[in-house]
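As recorded in TrEMBL:
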type     : residues : note
TRANSMEM : 6-25     : transmembrane segment
TRANSMEM : 32-51    : transmembrane segment
TRANSMEM : 71-93    : transmembrane segment
TRANSMEM : 105-130  : transmembrane segment
TRANSMEM : 150-176  : transmembrane segment
TRANSMEM : 183-201  : transmembrane segment
TRANSMEM : 231-255  : transmembrane segment
Amino acid sequence: MSGLNTSLAYFFIVIGLSALVRVLLARWRRRLGFLIELISAFALAGCRLEIETIAEVGQWAGALGPDVTYTMLFIAIAIHAIIMQGVSGNPAATVMGFLQKEIGVVAMLLSVASQFLGAFLGLLVAGKYWEMELTDMHMIKNLMMSECSTALRAPMLHGAVAEAISAMTFYLVYLVLRNRTQLLRIPILALLLTFFAYAGSNYTSGFVNPSLAFALTFNCPGHTFSEYALVYWLGPLIGMTLGLFLYLGNIPLMFNRNLLYSKKSRFRVPKGKNSEEKTN
C-alpha cells in the first residue's frame, strides 16, 4: 500500500497547488483565462501520468490492479471538474467554444497554446517526481521513461476513427448536460471518460483530449509525430465538430440557419382563438 499512499500524496499536491493558483487567478479570470487553462491542463496531465504509472507497473510493483487504476481515474477526473469549473484544459473544448462564437480567435489560440504548455509542464513535473524513486513502482517507471510504450496500439486510421467517435459521444453528452446541475453532470462525464479509457486501453487509451495525448504518448517511440497528430488531434476535433453539429443542427461560426432541425414556435395559439378570429 506504500505505493498507493505515495501516489495519493502526489495527487493531493498536484491538485492542491492547482486549486490554489486557480483561486489566486480568479479575480483576473477574464484577462488571464489562458493561464487558468494552463493550470487545468497541468493538473490533468500530471494526475493522468501517475495513473498510467499505476496501470503499467502497479500490478507487479505494488499489487495495484485495474480496479485501483480506474477508480483513481474516475476520482481524479471528478475532482478536477469540481475544482476547475469553467475551464476544460482540453483544446477540443476550447475550439468548440470558438465554433459557437463564445470566444474570439485570439482567446482560442492563447488558451490552446496554454493547454499544450500546461500538459508539457505536467510531464516535466511527473518526470522529476519519478526520478525521486520513492517506491519500487516509481523506480521501474523512471527506468522506463526513455522507452515508454505508445498508447496507440491500433492502425492509424482505426485509431483516428475511435478517437473521433469517442469525442463525438462525449461532446453530445456534454452539450445535453451543460445546463444540468453539477451533481448530475460531473459524475456522468467522469464516468464516460473513465469508460473511454477502459474501452480504449488496447487501441488509443481514449484520451479525447489533444493536449493530454501530447503529454502522455507523443514522446513514445512507435509512431511519427504526424501519425500521432492525425489520431489524437484531428480525430477529437472531427468528433467534437460532429457532436456539435448533431446537437445544434449547424455550426454557428459557419452557418446562420439550422441545417438539420426545423424550428418550432415556442408559443402555441389556442385552437379556440383561431376560430374566433375567423368568425370576426
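The backbone N, Cα and C atoms fix where each Cβ goes, glycine too.
Below 8 A, the CB atoms of the transmembrane segment (150-176) and the transmembrane segment (105-130) form no more than two pairs separated by six or more positions in the chain, fewer than 3 in all. Long-range neighbours of the transmembrane segment (183-201) within the same chain, counting only residues 6 or more positions beyond its ends whose Cβ lies under 8 Å from a Cβ of the stretch, are 55, 70, 73-74, 77-78, 81-82, 162, 166, 169-170, 173-174, 177, 207-208. The transmembrane segment (105-130) shares the most Cβ pairs under 8 Å with 32-51, out of the stretches 6-25, 32-51, 71-93, 231-255. Through the fold, the transmembrane segment (231-255) approaches residues 91-93, 95-96, 98-101, 152, 156, 159-172, 174-176, 204, 207-210, 213-214, 217-218, 261 of its own chain, all at least 6 residues removed from its boundaries and within a Cβ separation under 8 Å.
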